[in-house]
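Colleague: Below are the features listed in Swiss-Prot for this protein:
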- HIS54: active site (ACT_SITE)
- HIS105: active site, proton acceptor (ACT_SITE)
- TYR57, LYS101, ASP509, GLY546: ATP binding site (BINDING)
- GLU103, ASN547: Mg(2+) 1 binding site (BINDING)
- SER104, HIS105, ASN106, HIS107, ARG126, GLN251, GLU323, SER324, GLN325, SER549: substrate binding site (BINDING)
- ASP127, ASP279: Mg(2+) 2 binding site (BINDING)
Amino acid sequence: MADTVENAVSTPDVEQPWAELGLSADEYQRIREILGRRPTGGELAMYSVMWSEHCSYKSSKKYLRRFGDLPQQTPLGPLLAGIGDNAGVVDIGNGLAVTFKAESHNHPSYVEPHQGAATGVGGIVRDIMAMGARPVGVMNALAFGPLDAPDTARVLPGVVSGIADYGNCLGLPTIGGQTLFDPTYYGNPLVNALCVGVLRHEDLQFAKASGVGNLVVLFGAATGGDGIGGASILASESFAAEGESKRPSVQVGDPFMEKLLIECTLDLFNAGVVEALQDFGAAGISCATSELASAGDGGMHVELDRVPLRDPNLAPEEILMSESQERMAAVVRPDQLDRFMEICAHWGVAATVIGEVTDTGRLHIDWQGERIVDVDPRTVAHDGPVLDMPAARPWWIDELNEDDANALPRDNSGEGLAGALLALVGSAQLCDRSWITDQYDRFVRGNTVLAQPNDAGMIRIDDNLGIALSLDANGRQTTLNPYLGAQLALCEAYRNVAVSGATPVAVTDCLNYGSPYDPDVMWQFDETILGLVDGCRELGVPVTGGNVSLHNRTGDESIRPTPLVGVLGVIDDVHRRIPSAFAHDGDAVLLLGTTKCEFGGSVYEDVIHAGHLGGMPPMPDLNAEKALAAVMVEASKRGLLSSAHDLSDGGLAQALVESCLQGGLGVSVSLPEGEPSVMLFSETPARAIVSLCGNGYREFKELCQEHGVPTARIGEVIDHGEIEVNGLFSLPLDEIERAWRKPIPTAMGE
């Protein structure tokens, strides 16, 4: 028998499993004060999940508010939607807008790698749909333990196949991403997914239930027991003891249903029969109903027993908490219901009226004619606790910073430099990712202009207009200094977009950290936010939204602080895009920017010095990044460049290797004056290499001078397969390529 509101009033002292559901004693007491009684089982289920770290951001909210202090303006105009909405929306002109967002699915992807990663893709796609947009592309950023670790061989293939199967079935190109390997991710991989969508301004949707008498329609997949965690405790121990006890499970995705749901939803938008829309993500119906109702101007009444079920034995608390995938909730006017149902039927998508908008200001949920939930929806969705967790600068960080990576020995002989280059390209950090990326369809839909292994992914929006995206993170640099590390991730993503020829306009993030109960972690988080806010303000790009994932740890060891930063760019003419591959024999190769001795957190430090981490990370130069971006965007418009590649992991050496291997051409260079290993392997930011034909050299050099970007002509593209560093060494490309391609297939047993 369901625990009703009437029963809760008459039995105030019933023992409830609030602690098992993750609530503190103070939080449980606050719920009782809000309600003026004990919560019912359904109410306790809703509050527990909506006040969880995952849904409420209770440990991070006070820091995240700083993003709201940034100007809500992009270089192209005001944001159309931002933090607090399902996804940020950016005006790109001509009545068009782009929405994009990144989210994490870390813990489910360790428990069940394939389904965990697949449903991570599905969830972020529905967030984009909920804004009224057609999803047009996805990206991912992954982090695993050591490549040769036994569990990596289990987790990595499952995660990659899950992403590939779901994204490919949806017909969405996977246009880019990143894969990291580091011991701290062993036992706690990171699976961060990004989706981008396109819409017209008039199609923008918000999750706001308004209009008394309007109907609440659930459409999509039936509801099952997958994804239930805390609610199973309520159902099996307290409220449905006779039912089957269900252990927490990872959600199960159905990409074919999601594809139907996408097309159905877009048809519903086009028909004008949707007043508001919300996807079913974490917390399922609990989240969708409370967020819709709290953002509206009235209340909502839901009849829970109308929800179509895959498992007829689910208790009401489980239905409220189920995270079954491929479900949406729409608010529909009664006179539009028939047309709404016709469109759903056309696509084979089940749709059921489960409630209506009311004028009560309350969220009422009934089960078989009895009230099991009676709450102010805002107290569930928005008024959760805001914690002030202790934060303290770690005692160990001074010692770490004093262990200067720049002081480590470096072999500057020709043989030593060649050996270092081969070691770096053959390392897990820099080796070929095609074993991963070849499983993704990068060109489905026919609008992909650039994709991996280019610096940014680029998609055509119309005949000429395009968007570019990049995702970047570096946990090693952020460990050394979280403020600077966050800015370095921002700068790299910003730079990757710019070197493709696009103007960077907006930012999303996915902040992956350890336990919020660890003061070291919260200090790292605080410093990260400060770094991102200051960096975004200086670069002139707003943070449109994102995600926080805490409790990423194995035993007592937290992962490295890993802020993933995604940058969106806009390019007026995709035909002027700049690829990263060398294209023409005889093209001049130029190094842009200033190179300093900066090895802290670098791949050279890690690989050559057996995992060493120490010193300070490279110093970001935000003004130099803006100047470099301005040069690259203008050079793209003028069609001056054959190729461009940013310098980051592995420095100049790795950029040369990648541009050669992608283009099937060699390069002959003479290093600028200075220590050869610094010139080749330092990771100073705000740098790029470009190639161009001779008749554009003077114009490009003048452009760089106009913006104050240092340039050095270091060599030329050659038509035979070698990388020649004059006076030091020469390596055949086929030898480099063998070292580069080998690590991941070998680790995967191929």
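From the backbone N, Cα and C atoms, a Cβ is placed for every residue, glycine too.
Walk me through the surroundings of each of these features.
Modeller: Other C-beta atoms found within 10 angstroms of the C-beta of HIS54 (active site) number 20, with every protein chain shown included.
According to DSSP, HIS105 (active site, proton acceptor) is assigned to coil rather than to any helix or strand.
Cβ neighbour count for GLY546 (ATP binding site) (all protein chains, 10 Å cutoff from its Cβ): 26. Under the three-state DSSP scheme, GLY546 (ATP binding site) falls in the strand class.
When other Cβ atoms within 10 Å of the Cβ of GLU103 (Mg(2+) 1 binding site) are tallied across all protein chains shown, the result is 24.
Counting every protein chain shown, 30 other Cβ atoms lie within 10 Å of the Cβ of HIS105 (active site, proton acceptor).
The Cβ of ASP279 (Mg(2+) 2 binding site) has 26 neighbouring Cβ atoms from other residues within 10 Å, across all protein chains displayed. Under the DSSP three-state reduction, ASP279 (Mg(2+) 2 binding site) is assigned to strand.
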Colleague: Based on the record's binding annotation for substrate (SER104, HIS105, ASN106, HIS107, ARG126, GLN251, GLU323, SER324, GLN325, SER549), what whole-number value in Å is the widest Cα to Cα distance?
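Modeller: Result: 21 Å between the two most distant Cα atoms.
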Colleague: At a 10 Å cut-off from the C-beta of ASN106 (substrate binding site), count the other C-beta atoms across all protein chains.
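Modeller: A 10 Å sphere around the Cβ of ASN106 (substrate binding site) contains 25 other Cβ atoms.
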Colleague: Need one number for the ATP-binding residues TYR57, LYS101, ASP509, GLY546: the maximum pairwise CA distance in Å, whole number please.
Modeller: 17
Colleague: For GLY546 (ATP binding site) and GLU103 (Mg(2+) 1 binding site), what Cα-Cα distance in Å is obtained after rounding to a whole number?
Modeller: 6
Colleague: According to DSSP, does ASP509 (ATP binding site) sit in a helix, a strand, or coil?
Modeller: strand
Colleague: Through the lens of DSSP with three states only, how would you label ASP127 (Mg(2+) 2 binding site)?
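Modeller: It is helical.
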Colleague: In the same chain, outside TYR57, LYS101, ASP509, GLY546, whose C-beta lies within 8 angstroms of the Cβ mean position for the ATP site?
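Modeller: These residues sit around the ATP site: LEU64, ILE83, ALA102, GLU103, THR508, CYS510, LEU511, VAL543, GLY545, ASN547, VAL548.
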Colleague: May I ask for the distance between HIS105 (active site, proton acceptor) and HIS54 (active site), taken between their Cα atoms and rounded to an integer number of Å?
Modeller: 11
